Amino acid sequence: MNQDLQKERAAASFNPELLTHVLDGSPENTRRRREIENMILSDPDLQHEDLNFLSRSQRYEVAVKKSATTVKKIREFGLADPDEILWFKKLHLVNFVEPVGLNYSMFIPTLLSQGTTAQREKWLPPSKRLEIIGTYAQTELGHGTHLRGLETTATYDPATEEFILNSPTVTSIKWWPGGLGKTSNHAIVLAQLITQGKCYGLHAFIVPIREQGTHKPLPGITVGDIGPKFGYDEMDNGYLKMDNYRIPRENMLMKYAQVKPDGTYVKPLSNKLTYGTMVFIRSFLVGEAARCLSKACTIAIRYSAVRHQSELRPDEPEPQILDYQTQQYKLFPFLATAYAFQFVGAYIKETYHRINENIRQGDLSGLPELRALTAGLKAFTSWTANAAIEACRMACGGHGYSHCSGLPNIYVNFTPTCTFEGENTVMMLQTARFLMKSYNQVHSGKLVCGMVSYLNDLPSQRIQPQQVAAWPTVADINSPDSLIEAYRLRASSLVEIAAKNLQTEMSHRKSKEAAWNLTSIDLVRASEAHCHYVVVKLFAEKLHQIQERSIHAVLRNLCLLYALYGISQNSGDFLQGSIMTESQVTHVNERVKELLMAIRPEAVALVDAFDFQDVTLGSVLGRYDGNVYENMFEWAKKSPLNKTEVHESYHKHLKSLQSKL
């Protein structure tokens, strides 16, 4: 064990094990997760090879093999609980994506949420056995987040009781679905439903795309891989073109909307129910942002404790770079953010399941806020985590650039979340629509509930332009509850500014759509402020559930750092809204520095509490034992370029050049 890490762990004021229990939800959850991890680590069939030295085709093949092994082992170990299966996959797959992943994350959840009882009975058993390997084909070459613009058509033919699927243009070719290129044999395709000469908008259809047994594309189907990407080397993101391709009427998912045998359309209770899978994935991605950022912080903070560089004082040994205030300022706010997102991820997961259960019982009242909250938090957490992971990489200096650090893989595999399941700016504008609707409800005398209930405190008569100056200033920057209030006032202020600017643009006789576009910067800022408020609120409220004093103390410091760092980065909003005075903002900046010092002795223990196995981190720099340099050297020796002392290119190209000198 590296002596620096030993010293760091001994200096912590709390037991990381107790904090791990908080993150896992209970000591029993921690025990069970580790039990599953140990099953993997002790199984010779589940050992890892370093994918960094493989070609893309080799990486894909290894990933398919891992996927198949995972399914076999899950059956063998008798795992059925979704959380336990997720723990299993995350450890076995490490930072790499599985080509069959969308079968479980989107194909099966869509069947569950939108299929009739008969459809679930028909399609779920073979998809769980991987006889059917499904994907989710929504995005097209010319359209992504703007779903109404999708061009793929499904035209009903009552004579044969079939839907005819077509990709009528180049831009209508399905593009990007994971696992579509080479792995999947079925897809849930979102297409414009046309029956009895009328278009009824997007609906979901189960579409066989490859022949069982041979895996060859079926007649009328053109399918393949879209090529190398920024990351995701193991994933065969694909394209799908359909030419007069027929599927039975029963292949339309009909839990809500239906097409009768004669072509009569029966509309659903709510059009929004079609997008349930996206809501599920967005809620999942909030937790994924927490997980990936937690891994990046673990690597960067452990390495910063091991790495010694430069001089703090002349003629003294080189200090740990974690002792530099600038390094702490780079990393500790993101460590606090990782904890905040862990708690937000748990909240949004619980909320999704609760509201989904209500929907199953016919209560759709919670759906609008769930859609708005998952869209906004997906954007807010993925934008933040994406930038933070890269900041962690750069905080590791030159070694962070090497794949051995694990950080490039975390970054390139996380960064697509900023665009998939909804491009983030569009997601923020979706949240803004809900905020504007809620604001208008309050001004018409109705109360709103949920996370937007703070808008009820807006005095609806107060329309004069100077109103924002009347906010009271926040007194106590050391009180989490007081900081919730500050973020609440900021959100109220920015929502009100956006609403008034929208009204002003509309009063200039502009169309609603034009006014929306001309106010969109303000609307995105309002959504960001709303999401920031939600995160601070959830983090601060989590503190009330922590009984153990040492854990409460360290989490309170992290909560304060998260909230105060956010104020320092957005001080203009708090000053403009008269939420804080200039003097208070100065105190905020000073308090942030004090919190960096308070967290410094706890930092390594705080990342230990995330409880990542070395194999899960996939990082030489972030090893639990801290033995970085010797292992970097061993890792480098494994490079394929080192298989021979002299590379063949020398004899082919350089030797002849040198002989002429």
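Backbone N, Cα and C atoms are what each Cβ position is placed from, and that goes for glycine too.
What you see is a predicted model, and the numbers here were worked out from it, not measured in a lab.
Per TrEMBL, the feature domain 'Acyl-coenzyme A oxidase N-terminal' maps to 15-133. Positions annotated as domain 'Acyl-CoA oxidase/dehydrogenase middle' by TrEMBL: 136-244. Per TrEMBL, FAD binding site is recorded for THR139, GLY178. The domain 'Acyl-CoA oxidase C-alpha1' annotation in TrEMBL covers 275-436. Taken from TrEMBL, the feature active site, proton acceptor applies to GLU421. Per TrEMBL, domain 'Acyl-CoA oxidase C-terminal' is recorded for 480-657.
Feature map: annotations from TrEMBL on the structure.
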residue : record                       : Cβ neighbours (10 Å)
THR139  : FAD binding site             : 20
GLY178  : FAD binding site             : 25
GLU421  : active site, proton acceptor : 27
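THR139 (FAD binding site) is 9 Å away from GLU421 (active site, proton acceptor) when you measure Cα to Cα.
Across the domain 'Acyl-CoA oxidase C-alpha1' (275-436), mean pLDDT in this model comes to 93. Here the domain 'Acyl-coenzyme A oxidase N-terminal' (15-133) is broken down by DSSP into helix, strand and coil counts: 90 helix, 0 strand, 29 coil.
Here the domain 'Acyl-CoA oxidase/dehydrogenase middle' (136-244) has, by DSSP, the following mix of helix, strand and coil residues: 6 helix, 48 strand, 55 coil.
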